[in-house]
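Beneath this line is the structure, given in structure tokens, with notes to follow.
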Amino acid sequence: MAFPNLVLLFKLFSFLLLFRSTQSKLSADYYNKTCPKFQNIMQTILAEKQLSAPTTAAATLRVFFHDCFVNGCDSSMLIASNAFNKSERDANVNLSVAGDAFDLITRVKTALELECPGVVSCSDILAVSARDLVVMVGGPFYEVVLGRKDSRESNPLIVDKNLPKALTPMNELLSLFSSKGFSAEEMVALVGAHTIGFSHCKEFANRIFNFSKTSEFDPAYNPVFAEGLRKLCANYTKSPAMSAFNDVYTPGKFDNMYYKNLQIGLGLLSSDQAMVTDNRTKPFVD
């Protein structure tokens, strides 16, 4: 069964890959001569990692988005902090990114350095990893052009203003995506990446505990779903790692169930659920 939004989504991912890449001449066969085993090495390591740690696909896709949306797809999100400089990884919104993504990129980079030293950029590794992992969990294949260069700078102070949050109001979300060149329809498609992965309880606790004077939880939730979340996250302040799947039905499959969930009150995050009530985004969710 074909899902039109998936096609749009991957066109948008391809567009993301072009951010700040005008100084490089990008092509799909960029490494054919300089590192001919590039694709084979990547696919082997990606498959092994995803099989051993199924959260890898969602984690890597999130890192890719956070990298591209802040200052272009330049792998600045992958730079580690040191005693002299804090990096984007230390920004509050990035502290919850699963370590499987960074572990994966390290494994791939190490293997490629042994095969073709100093040739393949981390930016390209991240872009291809996101594509291949999404394909592994059910998403369609799309071409990734290669040849982007890695950044040598990573500034945590510019992260927050460039990334959407769970509590970001719809007006601000639309404005943020518009500033990156995306329409409301394209924003809805990109946020559909939440069809895989999970969110920590703190990201939606405001919707399930003491929501208002008349309701313990957000009435936009399906009541049974809300009660389940309340039980799951009862001790989230003592156990901050507690989390729930973004898509309760098919959490490990890249499909359009995420949008169907929004229509029946199963949208985990308030920023997601808002897309099905706001007239500017609802038609695209539907």
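Note that Cβ sites are derived from N, Cα and C of the backbone, with glycine treated the same way.
Those TrEMBL annotations? Automatic predictions, nothing curated.
The model shown is predicted, which means the values in this text are computed figures rather than measured ones.
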According to the record in TrEMBL, which candidate from Cys122, Cys201 pairs with Cys233 in a disulphide?
Cys201
Return only the integer: C-alpha distance in Å from Cys116 (disulfide bond) to Thr195 (Ca(2+) 2 binding site).
36
If you compare CA-to-CA distances from Asp255 (Ca(2+) 2 binding site) to each of the binding-site residues Ser76, Glu88, His194, which comes out shortest?
His194
List the residues of the same chain that sit at least 6 positions away from Cys201 (disulfide bond) in sequence and have their Cβ under 8 Å from its Cβ, in sequence order, or write 'none'.
Leu229, Leu232, Cys233, Tyr236, Pro240, Met242, Ser243, Ala244
Are any of His66, Asp67, Glu88, Pro164, His194, Thr195 (the recorded positions) within 10 Å of Cys73 (disulfide bond) when you go C-alpha to C-alpha, and if so which?
His66, Asp67
Between Ser76, Thr195, Thr250, which of the binding-site residues has the fewest other CB atoms within 10 angstroms in the structure shown?
Thr250
Say you check the Cα of Val70 (Ca(2+) 1 binding site) against those of the recorded positions Cys35, His194, Asp247; which is nearest?
His194
